[in-house]
Amino acid sequence: MSKEIVVPFGPQHPVLPEPLHLDLVVEDEKVKEAIPGVGYIHRGLETLVQKREYPEYVYIAERICGICSFIHGMTYCQGIETMMNVEVPERAEFLRVIWSEYSRMHSHLLWLGLFADGMGFENLFMDAWRLREHVLDDMEATTGGRVIQGSAKVGGVRRDISSEKLDEMVTGLEGIRGELKDMMDVFLFDSSVKSRLRNIGMLSPEDAYELGAVGPTLRGSNVASDVRMNGYAAYDRLHFEPVVEDGCDCYARCAVRAKELFASIDLIKEAVQKIPDGPIEVKVTGKPEGEYFSRAEQPRGEVIHYVKGNGTRNLARHRVRTPTMANIPPLVKMLQGCELADVPVITLTIDPCIGCLER
Amino acid sequence: MVYFKMAKTAIKSLIHGPSTIRYPAEPAKQYPTSRGHVTIDPSKCISCGMCMRKCPADAICVRRDEKLWEIDLFKCHVCNCCVEVCPVHCLTMETEYRPAFAEHEGVQVVKITYVKPEKKAVKKPAEDKSEE
Ligand code: SF4
Ligand code: SF4
């Protein structure tokens with residue numbers, strides 16, 4: 001006779017580098033229900049707006065997450081700039097796109113590596129991280145930081161990239177594209193990888209939409225939704241189409257991330273071609289008043305920075321809705337009815353970032 | 001055939017040497033923009049306290065009376081903000097990373113040796129002020 005038992009998954013688990021806890025109600029090796037438990041690394045960053053003035057808070061906003069740090073900083077800056085009616089110079093907007101896309105490549109390569117490791121494919125893991133190193137090198141050479149870039153600023157960006165360096169970056173990316181193609185042959189066409197991912201962790205387009213999934217989790221379920229389509233920063237001047245897959249399973253989500261890598265390379269190349277000369281920042285004076293809902297597309301999905309100013313140099317409120325937060329209900333749905341052995345792989349496919357989730 | 005494609009990667013890995021470096025025997029890569037650690041030129045600092053006020057991590061303390069500039073290297077998250085705001089450009093961001101510390105000895109105190117240059121005092125006559 002079968003019996004229901006509860007298997008604790010995490011908070012420390014070999015496949016998850018971060019502390020997420022799931023209580024899995026299991027019957028006959030099948031997961032009946034998954035109950036998430038969060039709150040292990042809450043840092044209270046949002047409260048810091050009362051202590052740090054709005055220009056200095058960018059550094060705190062960047063430190064919400066180590067992977068999409070630039071995009072966090074940029075989204076916060078966009079919120080403040082809109083509130084204060086600041087016109088950002090065009091060059092700064094293109095530079096923001098370039099660094100955002102580099103962050104996306106860095107995050108997706110990191111995820112592909114971790115994912116391969118989660119499946120037990122060590123060689124692929126090392127290969128993905130070797131490629132990621134080139135991306136990180138370019139980031140450090142242009143911003144000064146490998147992980148925390150610190151280049152976003154209210155009113156523009158803090159550093160410029162010379163045209164020689166931009167050309168060099170494009171040449172480097174072409175080399176990466178070649179190597180990525182070889183790697184993707186394994187990720188997308190290898191039979192052992194396919195058998196591990198196909199028809200696992202199903203999330204129908206209706207469920208994905210209703211449960212509020214974002215990013216590759218949503219696009220892997222055949223819903224073409226991407227905040228970059230709204231044309232923030234300089235995306236409206238670039239040719240952009242969201243990557244969509246219709247598999248609705250783990251394989252589709254993996255494929256979306258893999259194909260977005262190529263899309264990012266194309267976007268960077270186009271941005272380098274179109275980048276105008278000119279200043280990279282404008283001086284911002286005054287105190288923010290009003291409120292704004294700033295949205296941007298992170299590697300993991302849509303991020304929202306809600307900022308509210310009260311006419312002083314400290315904001316009244318800052319609230320972040322991160323993609324992992326939005327992807328937890330879809331994850332719970334995906335885990336219902338899956339095999340216990342598939343739980344790590346399914347959990348990894350939403351690319352959980354607990355640092356972002358709890359702030 | 002995916003096996004042939006994988007064979008290409010496998011053979012490349014065999015011929016190609018290791019991609020990693022033998023850190024710390026070999027130094028890590030650094031670029032002219034890399035943010036390593038903050039240094040100060042004590043002969044230029046005018047103890048204005050701008051760096052202390054703008055530092056998001058509260059890592060800098062400027063004691064004006066004692067002419068001391070203090071940085072807690074464990075608090076500093078190397079953001080470059082102090083370097084940008086310093087009005088006399090006496091702070092610089094070195095590209096070399098700090099070595100690891102075994103104990104908490106991260107507080108660095110620097111004696112400011114700046115001497116205010118003597119200016120010929122041009123005093124306005126007191127009547128000017130009274131007119132305003
Ligand atoms: S680099 Fe940043 S954190 Fe470090 S002392 Fe300067 S302002 Fe403070
Ligand atoms: S280091 Fe620069 S900013 Fe800091 S007190 Fe000295 S002069 Fe002022």
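From the backbone N, Cα and C atoms, a Cβ is placed for every residue, glycine too.
Automatic prediction, not curation, is the source of TrEMBL annotations.
Feature list (source: TrEMBL):
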- A:GLU46, A:VAL320: Mg(2+) binding site (BINDING)
- A:CYS65, A:CYS68, A:CYS353: Ni(2+) binding site (BINDING)
- A:CYS68, A:CYS356: Fe cation binding site (BINDING)
- A:120-283: domain 'NADH-quinone oxidoreductase subunit D' (DOMAIN)
- A:287-359: domain 'NADH-quinone oxidoreductase subunit D' (DOMAIN)
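Structure with TrEMBL features highlighted.
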residue  : record                 : CB count, 10 Å
A:GLU46  : Mg(2+) binding site    : 17
A:CYS65  : Ni(2+) binding site    : 28
A:CYS68  : Ni(2+) binding site    : 28
A:VAL320 : Mg(2+) binding site    : 22
A:CYS353 : Ni(2+) binding site    : 26
A:CYS356 : Fe cation binding site : 23
For this session: For the recorded Ni(2+) site, whose residues are A:CYS65, A:CYS68, A:CYS353, find every other residue on that chain with a C-beta no more than 8 angstroms from the centre of their C-beta atoms, and list them by sequence position.
Result: A:ILE64, A:GLY66, A:ILE67, A:SER69, A:HIS72, A:SER107, A:GLN298, A:PRO299, A:ARG300, A:THR322, A:PRO323, A:THR324, A:GLY355, A:CYS356
For this session: Compare the Cα of A:VAL320 (Mg(2+) binding site) against each of the binding-site residues A:CYS65, A:CYS68, A:CYS353, A:CYS356 and report the nearest.
Result: A:CYS356
Exercise. In this predicted model, what is the average pLDDT of the domain 'NADH-quinone oxidoreductase subunit D' (A:287-359)?
Worked result: 86
For this session: Go ahead and report the DSSP secondary structure tallies for the domain 'NADH-quinone oxidoreductase subunit D' (A:287-359): helix first, then strand, then coil.
Result: 28 helix, 28 strand, 17 coil
Seminar exercise, completed: Rounded Cα distance, in Å, between A:CYS356 (Fe cation binding site) and A:CYS68 (Ni(2+) binding site) is 9
For this session: Round to the nearest Å and give the CA-to-CA distance linking A:CYS353 (Ni(2+) binding site) with A:GLU46 (Mg(2+) binding site).
Result: 17
